[in-house]
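K.L.:
Quick one: this structure, given as structure tokens, is what I'll be asking you about.
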Amino acid sequence: MMQMMKTNNSREIAFECLQKVFKHKAFSNILLNEISKKDIPQKFKNLVFAIVHGTIINKILLEKTVSKLIDNKKTNLDIQILLWMSAYQIRFLKTIPLYAVVNEAVSIAKKINPRLSGLVNATLKKVINNEQELFSFNELSEEQRVIIENSLPESFYNLFKEQYGSKIAMKLAKDSTKKPSIYFRVNTLKISFEDFFQTYKQELSLIKTFTKDCLITKVPIVQSRMYAEGLITVQDAASINVVNILDPKLNDHVLDMCAAPGGKVTHISSKLKNTGKVIACEINESKIKLIQQNIDRLGCSNIELICKDATSMKFEEKFDCILLDAPCSGFGVFKRKPEIKLKGYTKNKINEIIQLQSNLLDNAYQNLKVSGEMVYSTCTINKLENQNQIEKFLSRYSNMKKIYEEQLFGYENNTDGFYVCKMIKE
Ligand SMILES: C[S@@+](CC[C@H](N)C(=O)[O-])C[C@H]1O[C@@H](n2cnc3c(N)ncnc32)[C@H](O)[C@@H]1O
């Protein structure tokens with residue numbers, strides 16, 4: 001195995017990331033976060049991000065295209081990954097010189113196995129010369145074509161079609177390859193929404209959105225001064241929408257049962273203007289530090305952080321308001337975490353998650369005051385974890401009433417797909 005950890009070459013770095021994703025099931029957002037800290041020019045980083053994200057998002061399309069030219073069984077996975085990422089650049093990154101794509105791929109191939117560099121060279125020249133034909137799947141039905149062109153595993157398409165019909169399933173397939181918008185939340189503990197908007201609307205090309213406290217920008221903002229000072233935090237509009245629906249009131253006693261990395265709990269804190277008390281619970285100890293960093297950066301002073309299993313914790317005092325932003329399949333975040341899409345749909349794993357959600361809901365009920373309100377949310381569009389889960393919950397507790405329910409698919413406003421249900425304990 002070649003050693004490339006110390007390289008500054010964008011394509012070598014991208015290749016190494018993709019190996020980790022495809023061979024070792026690593027998550028690209030974690031790898032890319034590490035790369036964003038590397039001391040290399042921003043334009044090199046941008047190329048790495050584009051290649052890694054684009055190759056994962058389009059993996060099925062790239063694999064089917066490349067396999068028209070090579071025998072997958074006779075070609076090792078490293079060479080296939082190299083061909084997928086190079087075919088991605090040829091097809092989708094039109095400003096990159098084609099000779100650079102081929103030369104760099106050949107030079108990486110020489111490090112993997114010098115005998116295969118000729119194969120890489122010849123295959124990529126064929127992709128360049130026959131691009132339109134190789135990337136077209138006109139012989140297939142429209143449904144089949146759309147799922148290949150958008151690299152959606154058939155198991156997902158079938159699940160969405162069964163739950164919502166083919167029209168919505170097709171829209172979901174097409175949406176899964178879109179570039180997500182950069183949404184963020186203005187931290188009203190430090191600046192009012194209008195002041196922030198007026199001050200930075202030009203500099204950050206700001207656009208208002210469908211949900212309160214949330215803006216869109218075209219400029220990367222994680223490295224910005226406004227971010228470091230805690231004026232803003234990056235969060236998808238659909239996620240911001242959840243706490244807007246929860247709508248906790250000043251001085252409320254609030255429980256967030258599953259809090260990491262802290263996007264929603266810090267939003268709750270800002271809604272309360274640091275009054276009342278918020279208990280933020282998270283089972284995973286390694287994520288506690290992340291929540292604390294967000295709490296400190298955003299200036300939240302009413303949050304108590306606890307590391308516990310939220311299926312069984314009990315409190316002396318019950319809560320006015322509970323958020324259960326449950327662990328879920330993540331079928332609403334394909335655009336942001338394309339690895340989830342590539343894993344395909346397996347019933348057993350989902351059944352475990354559904355049971356955990358159900359146990360969490362039962363304990364939320366136990367900890368909620370009479371007249372208290374709770375929100376159950378997930379970043380999935382899977383009905384079994386959403387509407388069906390809530391129907392079963394409501395049938396277990398006759399004094400729980402649904403007061404609001406919303407399923408965002410993600411294609412409406414280019415957000416994540418999110419389910420939100422607000423209930424009251426009578
Ligand atoms: C969807 S994420 C929460 C996102 C968070 N609300 C936010 O907005 O930043 C779900 C979290 O629940 C945590 N979790 C899973 N099982 C749990 C349990 N039994 N008790 C508490 N937390 C749990 C996971 O570690 C994960 O961090």
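Even glycines carry a Cβ here, placed using N, Cα and C.
Where the annotation comes from TrEMBL, it is an automatic prediction and has not been curated.
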K.L.:
Which residue of GLU282, GLU285, GLU339, GLU352 does TrEMBL report at the same S-adenosyl-L-methionine site as CYS258, ALA259, ALA260, PRO261, GLY262, GLY263, LYS264, ASP309, ASP325?
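P.N.:
Checking GLU282, GLU285, GLU339, GLU352 against TrEMBL: the S-adenosyl-L-methionine site match is GLU282.
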K.L.:
Could you measure the widest C-alpha to C-alpha distance across CYS258, ALA259, ALA260, PRO261, GLY262, GLY263, LYS264, GLU282, ASP309, ASP325, the residues recorded as binding S-adenosyl-L-methionine, and give it to a whole number of angstrom?
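P.N.:
If we measure all Cα pairs in CYS258, ALA259, ALA260, PRO261, GLY262, GLY263, LYS264, GLU282, ASP309, ASP325, the largest is 19 Å.
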K.L.:
What is the interatomic distance between the Cα atoms of GLY262 (S-adenosyl-L-methionine binding site) and CYS379 (active site, nucleophile), given in whole Å?
P.N.:
15
K.L.:
Please give the average pLDDT for the domain 'SAM-dependent MTase RsmB/NOP-type' (160-426) in this predicted model.
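P.N.:
Average per-residue pLDDT within the domain 'SAM-dependent MTase RsmB/NOP-type' (160-426): 97.
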K.L.:
For ASP309 (S-adenosyl-L-methionine binding site) and CYS379 (active site, nucleophile), what Cα-Cα distance in Å is obtained after rounding to a whole number?
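P.N.:
A Cα-Cα distance of 20 Å.
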K.L.:
Enter the number of other CB atoms within 10 angstroms of the CB of ALA260 (S-adenosyl-L-methionine binding site).
P.N.:
23
